[in-house]
Amino acid sequence: MQKNDIFQVEIKDIGVNGEGIGKYEEMTFFIKDAVVGDFIEAKVVKLKKNYGYARVEKVIKPSKDRVELKCDIAKQCGGCQIQQISYERQLKFKEDKVRNNLLRIGNFSEEEIDKVFEPIVGMENPFRYRNKAQYPVGTEKDGNIVIGFYAQRTHSIIPINNNDCKLGTKENAQILDLIKEYMQENSVKPYDESKKKGLVRHVLIRKGFETNQIMVCLIINGDKLPKEEKLIEKLKKVEGMTSISLNKNKENTNVILGKETVILWGEPYIKDYITLNDVKRDEQGKISFEKTDTKVGYQISAQSFFQVNPQQTEKLYSLALDYADLHGKESVWDLYCGIGTISLFLANKAQNVYGVEIVEQAIDDAKRNAKLNHIENANFFVGKAEEIISEFYQSNSKEKSNTIKAGETDNLVDSQMMTPDVIVVDPPRKGCDNLCLDTMLKMSPSKIVYVSCDSATLARDLRYLCDGGYQLKKVCPVDQFAQTVHVETVVGLQRVNY
Ligand code: SAH
């Protein structure tokens, strides 16, 4: 076989990146945009010794799981990897991915997994779920302004049909049209990455799904927008508009936001709420969610981190809380706490919560949000989770072996912190540091709740914790990112012999 050869193949499996997998003459082919069950004509793109890459030339017989694309640029754009697969099949793919990683990387047996695995929590509507969008702004060959997305693995901007990305909110298209209009009417130039000239680099739009408040921030290579009042005039007419700002980024960098944000009109924040849900299970174990009256409010600035899919986030965190099984007297660590989203949920049900996060600004947000919600039993620390908990643990062990002198008790670490009832972790993709896992084992809480955005590192860490004296109680994947290959998972662990 050679590059550009055409062959026919049946797609038998899905790869971790959502690509179709088929065999032809003892060679395994990874084929982008092919769906399991498709019979296709494929063209060889790249050959290795016993595998290769190909692309779909023609779908001869489509799979029953193949669906029509909702978006014309889905194939070029880096955003959706599996829009061509039915949502039901996407969910099965994600469930299998988590199971396989537990099996292969975590070395858990099928029986162990079956006993604890809960069915994946899918979305009611797998489109229009993102509350935040960031669009690069540029110039097309013909000189026209283009606002769109980067094509996969490049920095060339592809225009979105009618400016309407189907993962984002309906208002985004209207807002982008208005910004384009303002730029054309006032000769405001898009930024040109190669020449490092021009003004408007990106548009950031956020929406509070509960409050319907909208924030627009233009990221510019400069200090001021010419005739900014013209832009404000247009944008403030959009229903829900609450905050219009500009962010200065004059660096030659891929990082979207610069350090300084200036408010042009309205508030510096939008507000949104995440509602705590009761988790119910029917006789078959199928999970359903019932909204409670407990809501946590968050002020979100242009720079703040906030979960992009609020409807699924509330399910994810309600499950985490369900697994933590708190009754009001517990002390809980929330490691990798970000802006305290989970911590503030936990604080409603625990005696004390201690959140740890490496980004100082996120901790400022967490403290502000705690105040906003009149939560007084949440404490936050800036630093690496592994360092903070091991330092606390060591200093407390020393204190125990020394006689405590009068007057020193104020400096004592609260012993509750050293013997937490529950530790919750929500690390980035690389998972938990070993020192973090070791210290968790030493602190020996009765329960650990692990929230993960990468089931491979999750499986690795779960094996470590289970070898250290814990057992899996429950595992549940939650789909936060429909049309993409990503999946979140919540795991409940229990100390053995507890
Ligand atoms: N639980 C939060 C955020 C989870 S994302 C939420 O739901 O909003 C993971 C977080 O871990 C990020 O905020 C990141 O800044 C933080 N982080 C990364 N490495 C860390 C470390 N070594 N110690 C503490 N926090 C870390």
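Glycine is no exception: its Cβ is also placed from the backbone N, Cα and C atoms.
Unlike curated records, TrEMBL annotations are generated automatically.
Of the listed candidates (Asp272, Asp421, Asp426), TrEMBL assigns Asp426 to the same S-adenosyl-L-methionine site as Gln307, Tyr336, Glu357. Here the domain 'TRAM' (1-58) is broken down by DSSP into helix, strand and coil counts: 0 helix, 35 strand, 23 coil. Per-residue pLDDT, averaged over the domain 'TRAM' (1-58), rounds to 95. With a cut-off of under 6 Å between the Cβ and any atom of ligand 1, the recorded positions Glu357, Asp426, Cys453 reduce to Glu357, Asp426. Residues near Asp426 (S-adenosyl-L-methionine binding site) in space but far in sequence (CB under 8 A, at least 6 apart, same chain), listed by position: Asp334, Leu335, Tyr336, Cys337, Gly338, Ile342, Val451, Ser452. There are 21 other Cβ atoms within 10 Å of the Cβ belonging to Gln307 (S-adenosyl-L-methionine binding site). In sequence order, Tyr336, Cys337, Gly338, Ile339, Gly340, Ile363, Ala366, Phe380, Phe381, Val382, Ala385 make up the list of same-chain residues 6 or more apart from Glu357 (S-adenosyl-L-methionine binding site) whose Cβ falls under 8 Å from its Cβ.
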